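Lifted from Swiss-Prot, the feature list:
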BINDING   Arg80, Arg105, Asp132, Pro133, Met134, Leu135, Ala136, Thr137, Gly138, Gly139, Ser140, Asp201  5-phospho-alpha-D-ribose 1-diphosphate binding site
BINDING   Ile195, Gly200, Asp201, Ala202  uracil binding site
Amino acid sequence: MCLMVTLVEHPLVQHKLSLMRDERTGVKEFRELAGELSLLLAYEAMRDLEVEPVRFATPIEEGDFPMLSGKKLALVAILRAGLVMTDAIVTLVPAAKVGHIGMYRDPQSLAPVAYYSKLPADIAERRVFLTDPMLATGGSANAAIQNLKDAGAQSIKLMTILAAPEGIHAVQQAHPDVDIVTASVDSRLNDHGYIVPGLGDAGDRIYGTK
């Protein structure tokens with residue numbers, strides 16, 4: 001199976017992303033924009049959810065109407081920045097279970113290491129939407145995806161606000177069965193591993209830290 005990258009180019013998505021890129025955008029507005037953009041990305045990421053007809057009565061007449069069916073959902077945030085995405089998306093799918101994966105970079109090998117993982121016990125039975133605003137080198141995403149697979153997850157989709165070509169390639173090589181939904185594929189990574197033109201450090205801008 002080949003990885004598919006869905007680029008969401010809706011005018012509202014691109015407008016909100018441009019506001020996030022602007023260095024003049026403050027913490028409150030940046031956080032709100034990240035949540036709003038996550039909802040718009042979720043609309044596209046969940047386009048293929050299964051529905052089935054359910055019979056009930058409206059105030060006018062009885063009929064068969066489409067309702068979600070198939071696998072239940074799980075939203076999993078890569079800490080810390082992914083939280084702003086899952087917090088927004090869960091308002092769309094309140095029955096979804098929410099998990100968290102914390103990552104740090106080993107100072108010697110520079111490899112990402114999971115320091116925290118709390119996932120739904122029935123993760124194998126759920127469609128998983130993994131959230132992280134930035135897909136830069138792909139190291140954290142790949143480690144988180146492997147963590148999910150080790151826990152039994154079989155259906156995983158990565159949702160990210162920005163992606164670099166290097167990160168997409170890394171995920172494609174390691175996990176060709178995981179699709180990506182993003183608002184933009186930027187030009188490259190700089191020497192410090194930041195996405196260019198990017199929007200800076202998403203976590204710092206969401207939480208007002210440095």
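Glycine too: its Cβ is placed from the backbone N, Cα and C atoms.
The maximum pairwise C-alpha distance among Arg80, Arg105, Asp132, Pro133, Met134, Leu135, Ala136, Thr137, Gly138, Gly139, Ser140, Asp201, the residues recorded as binding 5-phospho-alpha-D-ribose 1-diphosphate, is 17 Å. Within 10 Å of Ala202 (uracil binding site), as judged by C-alpha distances, the binding-site residues found are Met134; the full candidate list was Met134, Ala136, Gly138, Ser140.
For Ile195 (uracil binding site), applying a Cβ distance below 8 Å and a minimum sequence separation of six or more within one chain yields Met134, Ala136, Leu162, Ala163, Ala164, Asp186, Arg188, Leu189. Straight-line distance linking the Cα atoms of Asp132 (5-phospho-alpha-D-ribose 1-diphosphate binding site) and Gly200 (uracil binding site), rounded to a whole number, equals 14 Å. The binding-site residues considered are Asp132, Asp201; of these, Asp201 has the fewest other C-beta atoms within 10 angstroms of its C-beta. Checked against Asp201 (uracil binding site), the binding-site residues Arg80, Gly138, Ser140 differ in C-alpha distance, with Arg80 being the nearest.
Apart from the site residues Ile195, Gly200, Asp201, Ala202, the chain places the Cβ of Pro133, Met134, Leu162, Tyr194, Gly198, Leu199, Gly203, Asp204, Arg205 no farther than 8 Å from the centroid of the site's Cβ atoms, the recorded uracil location. The Cβ of Ser140 (5-phospho-alpha-D-ribose 1-diphosphate binding site) has Ile78, Met103, Pro112, Asp132 as same-chain neighbours under 8 Å, each 6 or more residues away in sequence. Cα-Cα distance from Gly200 (uracil binding site) to Gly138 (5-phospho-alpha-D-ribose 1-diphosphate binding site): 16 Å (rounded to the nearest whole number).
Around Met134 (5-phospho-alpha-D-ribose 1-diphosphate binding site), a 10 Å sphere centred on its CB holds 26 further CB atoms from the protein chains shown. Sequence-distant neighbours of Arg80 (5-phospho-alpha-D-ribose 1-diphosphate binding site): residues of the same chain at least 6 apart with a C-beta under 8 Å from its C-beta are Gly102, Gly203, Tyr207.
The most densely surrounded of the binding-site residues Gly138, Gly200, judged by C-beta neighbours within 10 angstroms, is Gly138.
Taken residue by residue with DSSP, Ser140 (5-phospho-alpha-D-ribose 1-diphosphate binding site) is part of a helix.
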